[in-house]
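Report on the structure given below.
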Amino acid sequence: MTAATLAQLRVDNSFAALPAAFYTRLAPQPLTAPRLLHANEQAAALIGLSADALRSDEFLRVFSGQQPLPGGQTLAAVYSGHQFGVWAGQLGDGRAHLLGEVAGPDGNWELQLKGAGMTPYSRMGDGRAVLRSSVREYLASEAMHGLGIPTTRSLALVVSDDPVMRETVETAAIVTRMSPSFVRFGSFEHWSSRRQPDELRILADYVIDKFYPECREPRPGEAPGPDGALLRMLAEVTRRTAELMAGWQAVGFCHGVMNTDNMSILGLTLDYGPYGFMDAFRLDHICNHSDSEGRYAWNRQPSVALWNLYRLGGSLHALVPDVEALRAVLDSYEVIFTRAFHQRMAAKLGLREWRADDEPLLDDLLRLMHDNRADFTLTFRRLADAVRGRPQGLQDLFIDRDAALAWFERLAARHAQEGAGNDAQARAAGMDAVNPLYVLRNHLAEQAIRAAKAGDAGEIDTLLALLRDPCVEQPGRDAYAALPPDWAGGIEVSCSS
């Protein structure tokens with residue numbers, strides 16, 4: 001099904017059908033003289049929208065906030081949360097407007113404008129997003145999708161000359177995000193903290209019925225009842241979150257702001273702010289300049305996710321009195337994360353299966369990379385060339401070339417232990433298929449931002465083409481797979497957007 005126009009989309013408003021306390025209905029505040037910088041045909045196909053529709057005047061009007069989505073009900077949602085480990089109280093969509101929910105060929109997608117003006121939840125904010133951060137978010141979601149990591153998606157990027165004050169005066173933009181749902185851990189925390197169990201139950205029922213209907217069915221040996229459905233939902237959220245963290249860690253991705261209000265109830269990567277894909281590897285790499293204590297450093301992300309899950313579990317305690325049952329569900333996190341992470345790392349190292357004694361091999365590689373500031377992405381990518389008998393490129397990434405070669409010889413010996421079918425070329429090809437050559441490095445995003453400021457979306461097009469299939473080498477694109485230039489070291493990203 002491909003709709004010729006926005007008016008032909010099948011629009012639902014399931015979140016708007018919740019009681020009024022869950023949101024505020026309001027219209028966006030349109031940008032002045034908006035211009036469509038980019039529209040994503042792949043994301044549009046998810047809602048059955050044709051390429052021609054993306055070039056229509058109506059498309060620009062809807063996704064610049066000038067008119068509502070046909071059939072939609074625009075609103076901003078309320079939620080609360082912990083920010084940097086501290087209870088922040090009520091938060092909510094301070095600059096995001098949910099336009100509606102569209103039925104696509106393979107499922108429903110909510111469409112949300114980010115940067116579309118103030119809402120009752122803006123607190124001290126101005127409701128706007130700047131071009132810089134909007135380009136970064138637009139690219140990041142598509143990059144993560146290309147890596148096979150669950151994420152929200154990007155549909156459109158609209159820009160304007162409207163001034164926005166941050167550290168300096170910047171210009172405004174609106175990025176349209178797509179997700180099956182924007183419900184967060186903080187959505188549950190909100191009602192729990194306010195001691196409103198009826199609203200908490202309504203939210204839980206909405207999430208279970210719409211996204212986890214299988215949780216209504218007792219598993220073998222379980223007694224039926226509402227507590228069981230909630231526990232099964234929590235178990236599924238725990239599984240998805242653990243597997244998401246394994247995906248982040250395996251590609252060297254740092255989110256930067258893992259507050260509970262930025263954690264998706266569907267296990268998606270949500271809210272791309274001061275994120276980063278690591279260049280020089282540090283176990284304790286901090287991508288967010290605002291994170292002075294390193295709470296959200298790369299090596300802390302899995303434990304922070306569990307901490308956040310405990311906040312979600314604590315919110316559900318108002319509905320599930322059995323604390324031990326909640327704890328038992330959350331205790332499954334570490335096993336799930338470890339298994340998922342090892343599966344990913346086994347594939348990256350060219351191992352057919354992970355063994356318990358492979359842990360020192362991986363730990364020693366990460367420590368060696370840390371000590372030598374070796375590039376994360378290229379280290380894993382060049383392992384395949386070493387398997388092909390060309391270890392020099394791998395060694396070039398390390399100050400201690402001999403140590404790098406010695407470690408690789410340990411990996412080669414481990415490969416040899418796998419016995420029959422130990423074909424080097426086939427193994428190397430398998431490694432190339434999971435170790436990306438292209439990731440959204442900060443300097444590549446910065447180049448796209450600079451071009452976008454001049455009204456040129458060419459770099460966005462180029463990056464999207466590479467990032468959608470990041471493991472496949474493209475001719476003439478060596479610069480996009482190279483080590484970052486010296487000037488990239490001066491790029492700082494923070495919570496200011």
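Cβ atoms are placed via backbone N, Cα and C, with glycine included.
What Swiss-Prot says about this protein:
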type     : residues                                                            : note
BINDING  : Gly92, Gly94, Arg95, Lys114, Asp126, Gly127, Arg177, Arg184, Asp271 : ATP binding site
ACT_SITE : Asp261                                                              : active site, proton acceptor
BINDING  : Asn262, Asp271                                                      : Mg(2+) binding site
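It is 9 Å from the Cα atom of the residue listed as 'active site, proton acceptor' to that of Asp271 (ATP binding site).
Closest to Asn262 (Mg(2+) binding site) in space, going by CA atoms and restricting to the binding-site residues Gly92, Arg95, Asp126, Arg177, Asp271, is Asp271. The C-beta environment of Arg95 (ATP binding site), restricted to residues of the same chain at least 6 apart in sequence and closer than 8 Å, consists of Lys114, Gly115, Ala116, Gly117, Met118, Thr119, Ser122, Gly125, Asp126, Gly127, Arg128, Ala129.
The C-beta environment of Gly92 (ATP binding site), restricted to residues of the same chain at least 6 apart in sequence and closer than 8 Å, consists of Ala76, Ala77, Val78, Tyr79, Thr119, Pro120, Tyr121. Within the set of recorded positions (Asp126, Asp261, Asp271), the lowest number of other Cβ atoms found within 10 Å of a Cβ is recorded at Asp126. Take the CB of Arg177 (ATP binding site) and look out to 10 A: across all protein chains shown you find 26 other CB atoms.
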